[in-house]
Amino acid sequence: MTKLIIHLVSDSSVQTAKYAANSALAQFTSVKPKLYHWPMIRNLELLNEVLSKIEYKHGIVLYTIADQELRKTLTKFCYELKIPCISVIGKIIKEMSVFSGIEIEKEQNYNNYKFDKTYFDTLNAIDYAIRHDDGQMLNELSEADIILIGPSRTSKTPTSVFLAYNGLKAANIPYVYNCPFPDFIEKDIDQLVVGLVINPNRLIEIREARLNLLQINENKSYTDFNIVQKECLEVRKICDQRNWPVIDVSTRSIEETAALIMRIYYNRKNKYNK
């Protein structure tokens, strides 16, 4: 395996650079990457600390930095070391400007940063996801954008949180074998309801690992194949009867599941808004 060092430098959370790096790395099966994360680099003092690390561990640099002087310092430093220094969204911004004929606006001033509606919508969505996790506060489901249902340990909670980071309010409700399901499923609701299912054998592995972590040995039904299989089949049945989409998460990451849900949600929203 070829080792590859990548430095992710950002004035925010480095997530954009991280997604770009991982997408590119997926094309190289023989590479063993080592990613160094350098978030919240917003002044020269912090940047100089990062530069010393880059000098010690040479590697490709991917960056998302708004401040022009910091960008110049970083790119000049990498040029002198003869290592690649790539702006993740720089070319995109430039092409947008050229195509639209609109000049790039002034650099971000973090000291005067204004929290916009998107920021507060995201905070509200995260708060909603936390308060409506695992079937809590069902009386407020009408406020949700998306409702996830599925057996325990089918990634409902992390998917709800991921959706929240994208500004969507998501509630999740577990389905437990032989337990009555909330009566909301018998009503006409406007929210998008999505069922999450998984291969029963895979779900048993996940549940057994969970029980071992908690040092619980008594709950045999939780990992019984027949019961686990019935839970997944029943969720499919509930969704099929109501024309709700079902997503098999057996081989999907949280990001992939959330992306598919968002695609369904926005396609549905666009259809109804025509």
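Quick reminder: no glycine exception, Cβ is built from N, Cα and C everywhere.
Quick look at what Swiss-Prot lists:
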BINDING   GLY150, PRO151, SER152, ARG153, THR154, SER155, LYS156, THR157  ADP binding site
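Fewest other C-beta atoms within 10 Å: among the binding-site residues SER152, THR154, that description fits SER152. Fewest other C-beta atoms within 10 angstroms, among the binding-site residues SER155, THR157, are seen around THR157. Take the mean position of the Cβ atoms of GLY150, PRO151, SER152, ARG153, THR154, SER155, LYS156, THR157, the recorded ADP site; other residues of that chain with a Cβ within 8 Å of it are ASN172, PRO174, LEU196, ILE198. Annotation for ARG153 (ADP binding site): same-chain Cβ neighbours under 8 Å, separated by at least 6 residues, are LEU203, ILE206, ARG207, ARG210. Reduced to three states, the DSSP call for LYS156 (ADP binding site) is helix. Taken residue by residue with DSSP, PRO151 (ADP binding site) is part of a strand.
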